Amino acid sequence: MTTSHLNDKEMIDQKLAIETTTSNTKQTPSRQALIEALQAERPSPWSPNLRKLYMFCVIAFLCSSMNGYDGSIFGSLPALESFRDQFGVEKNGAKIGYISAMYTVGGICSLPFSGPACDFRGRRWGTFIGSLIVVACTFLSALSHGVPQFVAGRFFLGFGVNIVRSTSSIWCAEVCPPAYRGIIMAFYNCTYAVGSLIAAGVTRGSAGYAGNKSWQIPLWCQMICPGIVLISVLFFPESPRWLYSHGREEQALEFLAKYHGEGNPSHPLVQLQLQEYREFISLSGSDKRWWDFRDFYKTKAGRWRFINALITGIWGQCSGNAVVTYYLPAMLLTTGITDSNQVLNVNLGYTVVSTVASYLGASQIERMGRRPTIIWTAVACSICFACITIGSGIFDSTQATPAASAGIAFIFIFGFCYNFGMTPLQALYPVEALSYETRGKGVGLTFSIAHGFTLLNQFCFPIALKNIGWYTYIVFIVWDLFEAAVSYFVSVETKGHTLEELSEIFESPNPVRASLQKTI
């Protein structure tokens, strides 16, 4: 037995010991059942079948990199003179905002299709279709000769990425063993930063090429990750929850036994999950009706779930990260940096910091919990924007180099804080907050609404930055504090619960208070 295996078992033992000795803490029935199942027979986190499942999950993680790649590439392309000449744009202003925003418009327009893509033929086929669209649109963008063709490519690229992110994140959450779902799903969105890092590195490397190659090479490389997913995803096992909801209980049991029960269909954890499927998953739920969104608002629990799912989606786009990612060259203008190579170097450095921070945050998400992470990340982002504002303001008045350097430093610190806390939660939290019946449509709807706020940023921020400069940052100081306040009163802690058990949490009179009871 390996040392890592022993450490994992010791960790579970410690959690169980803490839980079972806390006599004053009330337990929900499902939570107590999960504790008893783990006590009776703990599955090895490194069994051969689970290692195979982890490999599938790592490939699915690449779906998140597609979004990160685009975010970083549009933080770099406007710095290339050949790109600006080809499409007649500046580093900021309405035209570059329009081109950038078409990716987001495509994501919003995918809303009617994301839910059916998840629910109709299964999570795997939805991921396949989304990846195929992304690959096709890469050709369209890279071969563009004018703005209309490039804009069309970006529109359908955003359309496909929103579908593939919705389906793949749901698949990952639904196939993971309950004890390891949190950390696995936290790592899912970290590949957003990996995509950003690849894009920043490729764009920096291609900057030395003459002519259109300098901006076409990064666009062609955008096809790598969706291409890998496209040729791999149909070899994945289907979600056991999707199988059960479509009357294929035997196949769902086979999956649970193989991957969660070390081949034993009578394993307590397998039987517990199957029992929860029978209790909480409807065979005729709204997931079978693509037009039915009533479950999001007709009950108190449904409203609580949807609000919590929206929190990380909206906060993730409105905390300031979207504008830093897409308009870093324009932000650097307010600190006196105009040279293209300097901009690309700063963008690459920022992306490296963001990538490291996201993986550090994901590794600690089970220790920190979802709720405290959301609150304190918003506070940290507000402080960082206050410092960026001060540095940019002093530089604008005095042209003092130290002030500019301080502003740039806090852009990096902001990237670290944001990605440490918010990046791991953006795929994890909505999937946990939503019930099975609403998960497909809900995740797609959450991403589309988040894209709507991104669209607002993309149209308004470059114009505001061009007209009022660093004063624009004050908005984010206030908004991030507002995020922290709302999250304090609304955010439900989902750590340590099975996906089905969360139904009991959200149906309680006070979901926030119920969720803060001791978790495993």
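Using the three backbone atoms N, Cα and C, a Cβ is placed for every residue, glycine included.
Predicted automatically and left uncurated, TrEMBL annotations should be read as such.
Pulled from TrEMBL:
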type: TRANSMEM; residues: 53-76; note: transmembrane segment
type: DOMAIN; residues: 56-495; note: domain 'Major facilitator superfamily (MFS) profile'
type: TRANSMEM; residues: 96-113; note: transmembrane segment
type: TRANSMEM; residues: 125-143; note: transmembrane segment
type: TRANSMEM; residues: 155-173; note: transmembrane segment
type: TRANSMEM; residues: 185-203; note: transmembrane segment
type: TRANSMEM; residues: 215-236; note: transmembrane segment
type: TRANSMEM; residues: 306-328; note: transmembrane segment
type: TRANSMEM; residues: 343-362; note: transmembrane segment
type: TRANSMEM; residues: 374-395; note: transmembrane segment
type: TRANSMEM; residues: 401-421; note: transmembrane segment
type: TRANSMEM; residues: 442-464; note: transmembrane segment
type: TRANSMEM; residues: 470-490; note: transmembrane segment
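When each of 53-76, 155-173, 442-464 is checked for Cβ pairs under 8 Å to the transmembrane segment (215-236), 53-76 comes out on top. With Cβ pairs under 8 Å as the measure, the transmembrane segment (343-362) is packed most heavily against 185-203, out of 155-173, 185-203, 401-421. Residues 57, 60-61, 63-64, 66-67, 70, 102-107, 109-111, 113-115, 117-118, 123-124, 126-127, 129-134, 136-138, 140-141, 181, 184-185, 188-189, 226, 229, 233, 236, 239, 427-428, 430-432, 439-440, 443-444, 447-448, 451, 499 of the same chain lie 6 or more positions beyond the ends of the transmembrane segment (155-173) yet place their CB under 8 Å from a CB of it. Highest Cβ contact count with the transmembrane segment (185-203) among the listed stretches 53-76, 96-113, 401-421, 442-464, 470-490 falls to 53-76 (criterion: pairs under 8 Å). In this chain, the transmembrane segment (442-464) touches the transmembrane segment (96-113); three or more CB pairs sit within less than 8 A of each other, excluding pairs fewer than 6 residues apart. Here the transmembrane segment (401-421) does not touch the transmembrane segment (442-464). Their Cβ atoms form fewer than 3 pairs under 8 Å, with each pair 6 or more residues apart.
With a cut-off of 8 Å between Cβ atoms, the residues of this chain six or more beyond the transmembrane segment (470-490) that come close are 307-308, 311, 315, 318-320, 323, 334, 371, 374-376, 378-379, 381-382, 385-386, 388-389, 392-393, 396, 461, 464, 512.
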